[in-house]
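Per TrEMBL, the features are as follows:
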ACT_SITE  Asp116  active site
ACT_SITE  Asp310  active site
DOMAIN    98-430  domain 'Peptidase A1'
SIGNAL    1-27  signal peptide
Amino acid sequence: MRSPCHLPYTVFSILLLSLSLLEDLDCAALAAPSFSSSQFHQLSLSRGARTQRNATEWGWWASYQGQRLSIKYGAENALTKRASGMNLLTNQNDDSSYFGSLTVGTPPVSYNVVLDTGSSDFWLATEKAFQADQMNSTPYNPSASSSFMASNNSFSIKYGSGGATGVLGTDTVQMAGFTVDDQVLGVVSNMTENMLTAPVSGLLGLAFPSIAMSHATPFWLNIAAQPQFLDDTVMSFQLTRYLDDSTAADAEPGGTFTFGAVNSSLYSGDIDYQNVPDGHVGYWILEVNSLVVQNTTLSMPSAPSYAAIDTGTTLVAGPVTAIAELYATIPGTCATEVTVYFNFGNSSVLWPVSPTDFQLAQLSADTCLGAFFEYENPGTTGPTWIIGDTFLVSLTALLRLVLSHSDETALQKNVYSVFRAQPAPSVGFAALSGLSQSMNGQGGALPSPTYATSVPAVTAQAGLSTTSGSSLLTSSFGILLTSLVTAVWSLGF
């Protein structure tokens, strides 16, 4: 009998998970961020704790993460001062979700929201929408806000396992030290159980208006459209990692979200900016030029491959053929450290996924669960890859390599991510600084929401659309999948 540490997983097998099981899943929990009222405002992120799971529970969890992709992809200023804002985030449930806080209404009330660069709509759930076990979330009460304006426009948020419905309205929204008056938001009155997990109350989309089915300008773009009030038209994320921390609590400090600037203390070296390809502005899209696994460059299709860089997605989803080739390239046992690198756009840099982030769990003595999943885009214009927090979060030291492999002496960890609106929409990555790396697994007090009383304010560029009586809001929970598969390595059979 072979020792478990020598069991091969060179055979790639697919465990097909029923999407109907998702109705019984506990959704990934989300936690709360905070505001700072200083000029350099920072939003703290919190993240969720590692849950001890058996093989069956990991299967359910993986199925849920894939299902989150199942639908998603198918004014005058009060101040004249240039500014930036930072908000601390909360990380919850094995790096599954990161959320921050914002305030809505007059008087302002604080809400925890998922920050999602893979969608463009903003919505909050009302008390009527929450289930009994979700009452630790703060429900949105539009009647308590003197600045809320109702509309007759309905909308629907749909998922493979359910959805949410409500109406559109406008209200005053503040986040990271900036205020937008008359911001369009969805007021959810009915939603499927487990769509949100306490203490989260909604979702803030951070992509572009062309995919906002509410026909509204996103919060961030209402501010960025008036760059005289920003240090720079950028958003940046530094996310913490607790995937391999068995002692983590249900909610942990999750990192930082910075709006209007980059925080040079959180990254090292240069930011490698690559433009969103022409004709693809909607999601934050990058062209995938190459994928390297265990020093082997995988074959790429002749047609361009595009990836959505998505903070609202936990794992990495890719084409069936590419994922199969990826796992077939991995030799050895579950003890093998798997390194995967992406190269984007015109860059010469290979950006890594750490071995710890790649291997989510060892399900049994001879079976391991990976963080890359099959995804076939049923349309013709959407991204073929969805790159989520598995890539954006990393703790293990890896080489930041150039394609010539001439820079292998630079041991660095990735990744600090930057989303830039001007001069052209682009996404940038930089290696995490020592300060950022020291935040991983450290625990500590969660950020608490505060309200800044003197902040730059703008009026939303456009109000509610009057051309349609209903809107479909795509949320931060998913891409349309023709089938959901979980990749596992196992002893050959």
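Quick reminder: no glycine exception, Cβ is built from N, Cα and C everywhere.
Heads up, TrEMBL stuff is auto-annotated, nobody curated it.
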Which whole-number mean pLDDT does the model give the domain 'Peptidase A1' (98-430)?
84
Which whole-number value in Å describes the distance between the Cα atoms of Asp116 (active site) and Asp310 (active site)?
7
Could you tell me which three-state DSSP class Asp116 (active site) falls into?
strand
